[in-house]
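As written in Swiss-Prot, here are the features:
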ACT_SITE  Asp102  active site, proton donor/acceptor
ACT_SITE  Lys167  active site, schiff-base intermediate with acetaldehyde
ACT_SITE  Lys201  active site, proton donor/acceptor
Amino acid sequence: MTDLKASSLRALKLMDLTTLNDDDTDEKVIALCHQAKTPVGNTAAICIYPRFIPIARKTLKEQGTPEIRIATVTNFPHGNDDIEIALAETRAAIAYGADEVDVVFPYRALMAGNEQVGFDLVKACKEACAAANVLLKVIIETGELKDEALIRKASEISIKAGADFIKTSTGKVAVNATPESARIMMEVIRDMGVEKIVGFKPAGGVRTAEDAQKYLAIADELFGADWADARHYRFGASSLLASLLKALGHGDGKSASSY
């Protein structure tokens, strides 16, 4: 197996196959569930809006892949600093049956100098998730933070407040995941000594098998080749799947989605 094939198979099994569009429908989510079951293995999860969780759960069970996890988003995509709303949305997502919640960190508040609200928001959402055995990923929106010190600070605050994963981006802003921001975030995980319990998720802009290979190489360099498993690493993407399948000899690499 070539290096690209090997990394593509790894990446496919680490995907949170995503649809977060305003025009999402039950039919589109059902199609996403079908796509998550591939000839070479399943994606780790799907990521959808909360209202579609019941139909996704039913579809995944019917197609014989109940182990594919269901992730959803809260405080999304704006990352406002209203803790009560973020918490209410997170509790609602859990009630819908989410296995994982990707909450947006109040990044604009941090840019304005308020570190406390981010900590408090993540901590509140973590308490709700932990009580239900739900994984919490925190989206820090690196493309808006821009500055390395802010990316580092948002990562540190999220981890201290209990994040199970730190995630680069919503996919809804001009700049999403980059290898540079990925390295900074994973270095924070390393420097804080939390690599056993905190994972990393690049999202938005990871579109090709070659892109995925680059991101995995950074993880391997920092943590060794065994670290990036589904408990410690995810790719938030949709169009990436077609590219990975093509690299693995399935399909033409074309995708209907741009995330």
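Positions of Cβ are set from backbone N, Cα and C atoms, glycine also.
Feature map: Swiss-Prot annotations on the structure.
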| residue | record | Cβ neighbours (10 Å) |
| --- | --- | --- |
| Asp102 | active site, proton donor/acceptor | 28 |
| Lys167 | active site, schiff-base intermediate with acetaldehyde | 28 |
| Lys201 | active site, proton donor/acceptor | 28 |
Between Lys167 (active site, schiff-base intermediate with acetaldehyde) and Lys201 (active site, proton donor/acceptor), the C-alpha gap once rounded to whole angstrom: 4
